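Per TrEMBL, the features are:
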- 56-74: transmembrane segment (TRANSMEM)
- 86-108: transmembrane segment (TRANSMEM)
- 128-146: transmembrane segment (TRANSMEM)
- 158-177: transmembrane segment (TRANSMEM)
- 184-204: transmembrane segment (TRANSMEM)
- 216-237: transmembrane segment (TRANSMEM)
- 258-275: transmembrane segment (TRANSMEM)
- 295-318: transmembrane segment (TRANSMEM)
- 325-344: transmembrane segment (TRANSMEM)
- 350-369: transmembrane segment (TRANSMEM)
Amino acid sequence: MDIEAAASTNVGAAATNYNHGTGNHHNNLVVQNDREDDLPKTDNPITKKIVIDWKLILLCLLFAFGYIGGPILQRLYFTHGGGRKWFMSMLQCVGFPVLVAPLSYIYIKKVNGPSYDASWVFLMEPKLFIYSALLGVALGLDNYMYSAGLFYLPVSTSSLLFSTQLAFTAIFAFIIVRQKFTFYSFNSVVLMTLGSVVLALNTGSDKPPGTTQQQYYIGFALTIAGAALLGLVLPLVELSYGRSSKPITYSVVMQFQFVLSLFGTIATMIGMAINNDFQVIPREGRDFGLGQGKYYLLIVALAVVWQLFTIGFLGLIYCTSSLFAGIYTTCLLPFTQVAASIAFQEKFTSQKGMSLALCLWGFVSYFAGEYKKSKKPQPIAYDKDKSELSDNDA
């Protein structure tokens, strides 16, 4: 299957909404209501069928695998003697070389294909390079906040707190990319924010062994700050896609991720150098509670798992929106809670239960609104010159 072609088809209406409002639409495009009376007469019957987007499902699975597995592996590192927070931040970015293989495959297949055009440019635009570099530095800082917060907090508490990024994403998406709010999406954001407030009312009851009350509060504050920064980064990524003057294909998304992760790695490696992590890591490996061999195996696993998360993360924004990516993280909360309880025997307190219930209620509210919206008649665009229906103007 041609990945480029599939990706270009999917970006359609999503990227066009604000990316190509600069004159790329056909002048003779007409939008009408989808009542049969208003449609032009054609010989082709209009049929409705459910289409399964396997690429979107794959991205959701990659996102879920990284979102659940990353914190568990990172907490395992901290539990058995690891303590380098900048190092953990770097591992969330450093797996980007795995993207070389799929990018090379896409390039070779395109160049050797029968439809190859000599004017085709594989590399993304310079302005996208700049956007991804700047966002990479911001994401590196966000990774540090998350890692430092997780150092002082249980996985379950950290995950619940980090889910507040949805509220920040909704606010910034409204400001930056003009994300429309409905009663359901607003209700969803409020409920999930209340879920975090419930946790804050009874802090400290689930401190990891050896963690002081002050350290717990620091972890709490860092996690909320990291959630806020991620809430800003998500719509900025969406805005960056929209600023492209050329169609966004999935190879462009992977290049965007490559540069973003590269600069995130550079930023966190500077932090490691200042914190003398490079000198400490060999000794930390020798003293690791599970043994030196498992220490390095864990390090490799962390780099791979977090990179899979980033692939899913940027891919979801590309295929849907930054708000949906924020909503989807909340959907994964129950699985994170169960995984943390199994792996580390973390207590599932009544406050966590109430917080989780509020978050899930907000999640259901959001998708109830999406379902209701999908039942409304949608405008259908068609080209008057060709007198036939089309799903988009491309």
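From the backbone N, Cα and C atoms, a Cβ is placed for every residue, glycine too.
Touching of the transmembrane segment (158-177) and the transmembrane segment (295-318) is ruled out by the presence of fewer than three CB pairs under 8 A, sequence neighbours closer than 6 excluded. In this chain, the transmembrane segment (258-275) lies close to the transmembrane segment (128-146): three or more C-beta pairs between them fall below 8 angstroms, excluding pairs fewer than 6 positions apart. If you look at the transmembrane segment (325-344), the same-chain residues 6 or more away from its ends with a CB under 8 A from one of its CBs are 60, 63-64, 67-68, 71-72, 75-76, 79, 154-156, 159-160, 162-163, 165-166, 169-170, 188, 192, 231, 234, 313, 316-317, 352, 356, 359-360, 362-363, 366-367.
Beyond its flanks by at least six residues, the transmembrane segment (128-146) meets 85-86, 88-90, 92-93, 158, 162, 222-223, 225-226, 229-230, 232-233, 236-237, 240, 243-244, 252, 255-257, 259-268, 271 of its own chain at Cβ-Cβ distances under 8 Å.
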